[in-house]
C-alpha cells in the first residue's frame, strides 16, 4: 500500500515536470519558428532579386526597390554584386549613335512625306517620257555626255515640285489637321522652322541649277513656275481660295510649263531648234486639260476642312456628286479627243491611241458609278482621286509609243 502510494507520487511528479517543461519550451519553439521564417524570407528575397537581373534586357528600368523583398537588402556579396549590376544597367543611357540614327531616319521619313510622293511620281514620269520621246525622234543626235546635265535638270524640277507643295503645307497647317493629319507639319513631325528651311533650300538649289546649266528661256520659265506656286499658297494673294485661279495655276504649271520646258530644253541640249511634234503637241494639250481635272477634283477629299477654313473650291460650292461628274466628263472629252486624233492623224500609232484611250475612258466610267454607289464616302472619294492620278501616270507611260 505504502509502495504503491510512493510509486504513484513519483509518476505524478514526473508528469508534472513534463508539463512544466512543455510550458517553458513554447516560447523557445516560437522563437525558432520565427527565425526559420525570417531565414526563408531572406532566401526568397535573394531569389526574387536575382531573377529580374538575370532576365532583364539592357537599359530596362530596374529600381532599388525591385531588388528587395519586404524591405530586406541583399545580404551576401553575390547579392550585392547583382544589385550593383542591375542598378548600373538601369542607369545606363541609350547609345548616342542609336539615338542619332533614329532621329535621322524620322527626319528623312518626314521629309519624304513633305515632298508629296504622288506629285514626284508625276514629275518623274512626265520628264522621262518627254525626254525619251525626243530621243526616239532624234536618235542620231544622242550624246551620252549630256546625261549628267539631264540628271541635274531632273533634280531642279524635283526641287521646284518640292518647294511648291512644301510652301502650300506651311500655310495650310490648320486645314491639313482636319483633311490630311498624316502630313508631317499637321502631325508635328516637322516644325515650321524646319519646313521653311527645306522650302528655301529647294527653291535656291533648283534655281541655281537652271541658271548655271540652261538658257535664259528655261530659267525664266522655271522662275515663273516658282512664282505661280508661291502666289497660289502665300497671303495676301493666296489664289487657292479662288476656284478658277487655282485650277488655272495648276493647269499651267503641271500641263504647259513642264511639258514645253522639258521638250525645249532637251532639243536645245541636242543642238536642235525648237519645233513642235504631233506627240508633244498632243501630250501638252492632253495633260493641260487633265491637270484642270486634277485641280477640280483634288478638293473632293478636303471638303470638310475647306469649309471650316473658308476656302472656296468647286467642291465646297457645288458638292461632291456634281464635281465628280464634272471631272469625269472632262476626262471623257479628253479621251474622246485622243481617239479622234489617233484615227485622223497618221503620225500616231492608231491601234495604241484608240485602244488604250478607250480602255482608260471605260475605267473612268466604272470608277464614277462605283463612287456614286458608295454615296461619296470618304474612302470612296480617296480611291476615286487616286485612280485619277494613276491614269495620269498611264498617259506618260504611253507617250513614247504613241
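Placed from the backbone N, Cα and C atoms, the Cβ positions cover glycine too.
Unlike curated records, TrEMBL annotations are generated automatically.
As annotated by TrEMBL, compositional bias 'Polar residues' applies to 67-77.
Under the heading region 'Disordered', TrEMBL lists 67-97.
If you look up TrEMBL, you'll see 190-211 (among others) marked as transmembrane segment. Sequence-distant neighbours of the transmembrane segment (190-211) (same chain, 6+ residues past either end, Cβ-Cβ under 8 Å): 110-111, 114, 152-153, 155-160, 162-163, 166-167, 169-170, 173, 184, 218-219, 222-223, 226.
What TrEMBL records for 217-235 (among others) is transmembrane segment. Beyond its flanks by at least six residues, the transmembrane segment (217-235) meets 156, 160, 163-164, 167-168, 170-172, 203, 206-207, 210-211, 246, 249-250, 252-253, 257, 260-261, 264-265, 268 of its own chain at Cβ-Cβ distances under 8 Å.
As annotated by TrEMBL, transmembrane segment applies to 242-264 (among others).
Residues annotated as transmembrane segment in TrEMBL: 276-297 (among others).
Within the chain, the transmembrane segment (318-341) has long-range Cβ neighbours (under 8 A, six or more residues past its boundaries) at 282, 286, 289-290, 292-293, 296-297, 299-300, 303, 348, 353-354, 357-358, 360-361, 364-365, 367-368, 371-372, 376, 381, 384, 388, 391. Here TrEMBL flags 318-341 (among others) as transmembrane segment.
Packing against the transmembrane segment (347-366) from elsewhere in the chain are residues 277-279, 282, 328, 331-332, 335-336, 338-339, 341, 387, 391, 394-395, 398, 401-402: each is 6 or more residues past its ends and has a CB under 8 Å from a CB in it. The transmembrane segment feature in TrEMBL is assigned to 347-366 (among others).
Away from its own ends, the transmembrane segment (276-297) comes close to residues 126, 129-130, 133-134, 137, 246-247, 249-256, 258-260, 263, 314-315, 323-324, 326-327, 330-331, 333-334, 337-338, 341, 345, 347-348, 384-385, 388-389, 392, 395-396, 399, 402 of its chain (Cβ-Cβ under 8 Å, at least six residues beyond either end).
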